[in-house]
Each structure stands twice: as structure tokens, then as C-alpha cells.
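K.L.:
Have a look at the structure that comes next, please.
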Amino acid sequence: MYQDLIRGELTEAADTLSRFLQDDANIEAIQKAAVLLADSFKAGGKVLSCGNGGSHCDAMHFAEELTGRYRENRPGYPAIAISDVSHISCVSNDFGYEYVFSRYVEAVGKEGDVLLGISTSGNSGNIIKAISAAREKGMKVITLTGKDGGKMAGSADIEIRVPHFGYADRIQEIHIKVIHILIQLIEKEMEK
């Protein structure tokens with residue numbers, strides 16, 4: 001009954017991944033991001049991650065697998081997803097939703113830390129403000145974006161962009177793969 005739809009969805013997902021893999025710059029950016037994160041951890045820094053909607057879940061997933069575990073047991077790494085409901089509701093109410101991430105970065109970010117901003121469109125105003133706040137703190141910035149990178153294009157030290165112009169879910173599927181690879185590479189770097 002739905003076999004053609006199922007095959008079509010899986011084929012589109014595979015094609016999106018294949019196109020992403022064909023650009024060596026993506027592979028290089030993932031490696032550089034992992035080394036940047038591990039270097040921050042080794043120097044006493046941390047990563048703050050943020051996103052909206054499904055990307056918010058990805059930001060939480062990233063932090064959870066760094067502080068908890070990925071595939072193997074190892075020490076936890078310093079990662080915070082900006083996801084505290086009381087913070088988000090307070091800042092949204094008192095300042096506006098566009099400040100929910102930047103206020104947190106202003107409060108706990110420091111030089112040597114890293115901000116990971118995740119936005120499938122690259123146009124999330126609250127992440128753009130978080131990037132500005134991170135820059136003011138002397139933090140490094142990594143972004144996971146999609147399409148043409150949107151307004152966030154060129155704003156990060158390292159941008160990992162999925163150039164898919166369809167629905168956001170295809171971009172998110174690549175983002176979660178990138179997140180898992182980042183964690184795997186961070187673990188290898190931390191063993192050095």
C-alpha cells in the first residue's frame with residue numbers, strides 16, 4: 001500500500017547523504033570541528049549547544065552523549081544544551097524569544113568555550129544572537145546548517161552545511177549523523 005512512498009523517502013535520504021559525502025569540504029569541516037571541541041575540553045573549556053524544534057532536540061542529544069556516553073564507557077565531557085525550561089520561559093517572557101540562547105551564553109560562556117548552533121535554515125534569529133554573544137566572550141563557534149546557510153552563513157569558525165533545499169527533516173538526518181561522528185572523533189582526540 002505505501003511501499004513506493006517508503007522507498008521514495010529512503011531513496012531521497014540516501015541521495016541527500018550521498019551528495020553531502022561527495023564534498024570533501026564537509027569531511028574536513030567535521031574533522032576540524034571535532035579537534036576544536038576536544039582542544040577546548042583539554043584546556044578546561046566546554047561546549048554550549050542550541051537549536052529550535054528538532055534542532056533543539058539534536059543540541060540536547062549532542063550534549064547528553066558527551067556528558068553521558070556514546071558507544072563506550074569513558075569520562076564525561078563538559079557539554080550543556082541550552083534547554084532549561086525555566087530559563088527559556090523567563091527570558092522569552094522578559095526579553096523575547098530571540099534572546100533565549102544569547103542570555104545563557106552571556107551568563108556562562110567564557111573564552112575558550114565553544115558554541116554549537118544548529119539551524120536547518122540558518123536563519124534562526126536567536127542562534128544568530130547567541131553567535132554574537134559567543135564572539136563577545138571570545139568563544140569559538142561551530143554551526144550545523146542547511147540549504148545555503150541562510151543568515152548564519154560565514155558567521156562561524158566552522159560551518160557544516162547540508163545543501164538540501166527540500167524539507168528540513170532531510171537536513172536533520174544528516175545533522176544527527178554529523179553529531180554522532182563528532183562525538184566519535186572527540187573521543188579519539190581525548191585519548192591522545
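Glycine too: its Cβ is placed from the backbone N, Cα and C atoms.
Pulled these from Swiss-Prot:
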DOMAIN    37-192  domain 'SIS'
BINDING   Asn52, Gly53, Gly54, Glu65, Asn93, Asp94, Ser119, Thr120, Ser121, Ser124, Gln172  substrate binding site
BINDING   His61, Glu65, Gln172, His180  Zn(2+) binding site
K.L.:
Pick out which of the binding-site residues His61, His180 has the most other Cβ atoms within 10 Å of its own Cβ.
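P.N.:
Within the set of binding-site residues, the most crowded position is His61.
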K.L.:
Between Gln172 (substrate binding site) and His180 (Zn(2+) binding site), what C-alpha distance do you get in Å?
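P.N.:
Distance between the two Cα atoms comes out at 12 Å.
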K.L.:
Could you give the Cα-Cα distance between Asn52 (substrate binding site) and His180 (Zn(2+) binding site), in whole Å?
P.N.:
19
K.L.:
Just counting, how many other CB atoms are there within 10 A of the CB of Ser121 (substrate binding site)?
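P.N.:
Taking all protein chains shown, Ser121 (substrate binding site) has 18 Cβ neighbours within 10 Å.
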K.L.:
C-alpha of His61 (Zn(2+) binding site) to C-alpha of Gly54 (substrate binding site): distance in Å?
P.N.:
10
K.L.:
How big is the gap, in Å, between the Cα of His180 (Zn(2+) binding site) and that of Gly54 (substrate binding site), rounded to a whole number?
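P.N.:
His180 (Zn(2+) binding site) to Gly54 (substrate binding site), Cα-Cα distance: 16 Å.
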K.L.:
Per DSSP, to which secondary structure element type does Gln172 (substrate binding site) belong, with helix, strand and coil as the options?
P.N.:
helix
K.L.:
Looking only at DSSP and grouping its letters into three states, which state does His61 (Zn(2+) binding site) belong to?
P.N.:
helix
K.L.:
So among Gly54, Asn93, Ser119, Ser121, all listed as binding-site residues, which is physically nearest to Glu65 (Zn(2+) binding site)? Use the C-alpha atoms.
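P.N.:
Comparing Cα positions, the candidate nearest Glu65 (Zn(2+) binding site) turns out to be Gly54.
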K.L.:
Give me the count of other Cβ atoms within 10 A of the Cβ belonging to Gly54 (substrate binding site).
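P.N.:
Its Cβ shell of radius 10 Å holds 16 other Cβ atoms.
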K.L.:
Summarise the model's confidence over the domain 'SIS' (37-192) as a mean pLDDT value.
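P.N.:
PLDDT averaged over the stretch: 97.
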K.L.:
Give the residue from the binding-site residues Asn52, Ser119, Gln172 that has the most other Cβ atoms within 10 Å of its Cβ, counting over every protein chain displayed.
P.N.:
Ser119
